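Here is the structure we will look at, set down as structure tokens.
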Amino acid sequence: MIALVIWNLIAPVDLTLTFYSGMQEQIQDYFQTTGLIATLGVGLYNFGSIFGPLIGAPLSELYGRRPVYIGASVGFVIFSLGTALSPTIVSLLGCRVLAGLIGSAVFSLYGGSLSDMFTPDERGPLVALFTIVLQGAPTIGPVPSSLLGATVHWRWLMGFIAAWAAVITAVVVCLPETEATAIRRRLAKEQVDIIPKASTPIQQTKNVWSDALLTPTVMLRREPIVFWTAVYHSFVYGLLFLLLEAYPYVFNSHYSMSRQEARLVFIAPFLGNLLGVLVYFCFLKPQYEAQQRIIFIQSGGKREVSPEARLPGVILASLLTPIGMFWFAFSAHPDVHWFLPVLSGVPVGMGMTLLQLSLFNYYIDLYPTRSASVIAANTAVRNVVSAVFPSIGVPLYNYLGIRNASLLLACISCVGFPTGVVLLVYGKRLRAASRWAKQDVVDVSDTASCLDVVAPLLGHPAENTYGGTSSTSN
């Protein structure tokens, strides 16, 4: 029940990211502003989301998850309501930034909450549900707001998001704490006990904040694997926000669709998101686990599968995304029925979901003690790109033309395939040159000696998983 409440809390925070775009034309007319300024409502929300997870994670470590959940949900409700009641476009955009900043803190907590309550095997179905809402909510967001935007005023639609979040917030307030350290601290306080501390509270707080803010930056700068995979993932994720503006432009130019009708096209990428989750959990994940069992048995429990075993999902995703974009480039034409370019969104949506699931699990296996920082770095870069992409969609298609702009995006998305192949072939060498990456066992005769020859990080099991599988074997 706690997990389902958290799931329902994430849903409005993630949905409102693109829910705004369905009423963007209404807002533009209401405030008599330009299309570029109205588009900032999406980009600025993403900009606020850059910092929310970086702040939420250390706060949860210092004070527990429950206070952060409550603070994030209350703040999101307040600024969502402020968006609905904004008298000017400036105040509306300001409320959007703050709603994204405060509300996005929940994105850094849900993985830890699942780890608090469930074993890796139990987490599988729950992670599938969370993946659907995390990737699917912003994809499907324009559809309901476009359908309702034709008859319902934009203030009521934004008020609906605030009311939905307020109902969930009332339940969140009643949730218990799940983080072990916070529970022990509360029990000790109730028993008037003193817990020995290795550091003073000031030192502890400083270490927590430095780890949260500096470690992701260091990993991004010093680890080529992290940098290049984060750049590619950011581009693929940013495609969704570029297409928020490109789809209405293309389908209006070629098929005379209204902005509201063109938003319905996002049903196709959403279906692709669902198919991507099914492919991962029904095919790629069982295949990985079977390979893990075989290696574990053959080595007598002394070895585990290499992190590169996660890369087939990355390679498959890096094929699906360009296929979808090339499909869109060559099928979006007045002489071709609109249904064909609409269908091109399915492989794009599949690629987005498969890439996120496979890449984040690769990070967890590759950096057992630094996976949270690596994912935080990836998320920050991804949000920077998605904050900019909505504003460049229409200018790009205006300048290059519809087919050439789509071909450019398709060609850039092809970069992921050779990157995945290079990591698959040379991944072991790249790991050997890293301070933090997990290393392979060289020569072992028993389990004890195994831990002596591998990198020290291998001795520390991953504390979180993404996709329901553990990166270590017991």
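A Cβ is built for glycine as well, from the same backbone N, Cα and C atoms used for every other residue.
In TrEMBL, annotation is done automatically, which means it is predicted and not curated.
Transmembrane segment is the annotation TrEMBL gives to one range among 30-55, 446-471, and that range is 30-55. Range annotated as transmembrane segment by TrEMBL, chosen from 128-148, 380-400: 380-400. Simply put, out of 30-55, 67-85, 264-284, 406-426, 30-55 has the most Cβ pairs sitting under 8 Å from the transmembrane segment (380-400). Within its own chain, the transmembrane segment (264-284) is flanked in space by residues 18, 124, 128, 131-132, 135-136, 139-143, 146-147, 240, 243, 247, 251, 312-313, 316-317, 324, 342-354, 357-358, 467-468, which lie at least six positions past its ends and keep a Cβ under 8 Å from the stretch. Same-chain residues lying 6 or more positions outside the transmembrane segment (67-85) and placing a CB less than 8 Å from one of its CB atoms are 6, 9, 12-13, 16, 52, 56, 59-60, 91-92, 95-96, 98-99, 102-106, 109, 155-156, 158-159, 161-162, 165-166, 168-169, 172-173, 175.
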